[in-house]
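See below for the structure under consideration.
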Amino acid sequence: MTTFRELGLSDSLLQSVESMGFEEATPIQAETIPHALQGKDIIGQAQTGTGKTAAFGLPLLDKVDTHKESVQGIVIAPTRELAIQVGEELYKIGKHKRVRILPIYGGQDINRQIRALKKHPHIIVGTPGRILDHINRKTLRLQNVETVVLDEADEMLNMGFIEDIEAILTDVPETHQTLLFSATMPDPIRRIAERFMTEPQHIKVKAKEVTMPNIQQFYLEVQEKKKFDVLTRLLDIQSPELAIVFGRTKRRVDELSEALNLRGYAAEGIHGDLTQAKRMSVLRKFKEGSIEVLVATDVAARGLDISGVTHVYNFDIPQDPESYVHRIGRTGRAGKKGIAMLFVTPRESGQLKNIERTTKRKMDRMDAPTLDEALEGQQRLIAEKLQSTIENENLAYYKRIAEEMLEENDSVTVVAAALKMMTKEPDTTPIALTSEPPVVSRGGGSKKRGGNGGGYRDGNRNRSRDGRGGDGRNRDRNRDGRNRDGNRDRNREGSRDGNRGRRGEGQGRPGSSNGRGERKHHSRKPQA
């Protein structure tokens, strides 16, 4: 393992890193930082949870001259949440060097951002639309920028930000250094690299290095109409301290959060149609524990860093395997254990295989719990808590009443009454969620799998390949935000000012695409 002291970082940054409790660099950090400190362009392929923020953040901060009152580096991120998270991380790392960091993103008052820009920040972290907005207003000048970071470049492609990114890169000095990080390298991202980067060092963290040993992963085969009852039974059995439930569309998130509240769970949802103030309010309540279940879309959850998340429930299977890795990365952090559950409908077995190939890890099968099993599971959890109380607490104050009860009742009856009082009675309030179309992918079919419970998948052959219809046109209907040419649709989450009408994340008429029709997987051809 490589220590941070071996990487050639300045003393002030080492002081910050050590105060944060880090000594050894992760593989992506150990390979990236030395090249970046030499000024080389970098293409880093890494998933969430690998430490890539510090991989680009440390060399970025190391180059900053705090005596200069100008913007010297920009970090471009796909979502507001990720921009905020990266900004907070860079602030912690650059604290002892006194580097001024400013996050800018849609949904925040632009006049407030203009006032903050006049205070001469050294590094800007922002979403493409809002950065470009400030460039066009001439409230952000990039003539002194030395380093540009593209974080989660493939996600920015998916959201249609390619034109904005090209416009920003055209506005910075030709001599700047570019650090591009992306889980995958589709052709439009490769063209960006060819056009704007000079002999980049390609650093790739293999999938086996990004799977998360602290996370137990299970899948459940369940019909679409039964998913909600299965979810509530799992919540009753597992009693998570903090849980995130992922839905594929905004409509799904709204309906799920409302349905969970009807069944007695403290739940709220976040997605791109919420104002920034509302999203921050929901996240604050979740961190404080006043909300026990957070329901989120993939885009809204990007960059979330919430400690203490014990369970992740993939209510809808994600559209792509990379999103699955991002989702489950919300748990199992800082050495703690986490549990991830994936709901798979009969026609989605091919997508499950795609996820397993990407993570290089076979998931264990779990049978969907029955109502009786949910009640018994609750009782066993309560029994464990009672046993822990017996072993660890002083019960002297309670024994007199207990002895009086035992004079009139046998001990089994007393314990049974205690279990009944502490067990949540099942709520069978009727819930009708709008069905979402399955994510059908190549690789399905009838195969027997091992794991906990075994069982067969649907033996019917999948009617489409790679999500395409019989005419070969792509029908992945719920991916976030790409229009036909891979460029940004302005009526979508993450628009320039965050206030325009937004669609996307599968919102639209039931059974339709995300409002923009079928997508082609290409972007505008870069200019020579």
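Every residue gets a Cβ built from N, Cα and C, even glycine.
Annotated features, as they stand in Swiss-Prot:
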BINDING   A46, Q47, T48, G49, T50, G51, K52, T53  ATP binding site
COMPBIAS  518-528  compositional bias 'Basic residues'
DOMAIN    33-203  domain 'Helicase ATP-binding'
MOTIF     2-30  motif 'Q motif'
MOTIF     151-154  motif 'DEAD box'
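Among residues of the same chain six or more beyond the motif 'DEAD box' (151-154), those with a C-beta under 8 A of the stretch's C-beta atoms are 52-53, 56, 75-78, 82, 86, 165, 180-186, 189, 192, 302, 322. Within the motif 'DEAD box' (151-154), the DSSP-based counts of helix, strand and coil residues read 2 helix, 0 strand, 2 coil. For the motif 'Q motif' (2-30), the list of distant contacts is 37, 44, 46, 50-52, 54-55, 58, 61-62, 92-97, 203, 205, 209: same-chain residues at least six beyond its ends, Cβ to Cβ under 8 Å. In the motif 'Q motif' (2-30), the DSSP tally of helix, strand and coil residues is 17 helix, 2 strand, 10 coil. Looking only at other Cβ atoms within 10 Å, the busiest spot among the binding-site residues G51, T53 turns out to be T53. Just so you know, the Cβ of T50 (ATP binding site) picks up 21 other Cβ atoms within 10 Å once every protein chain is counted. Other Cβ atoms within 10 Å of the Cβ of K52 (ATP binding site) number 26 in total over all chains. If you draw a 10 Å sphere around the CB of A46 (ATP binding site), it holds 24 other CB atoms from the protein chains shown.
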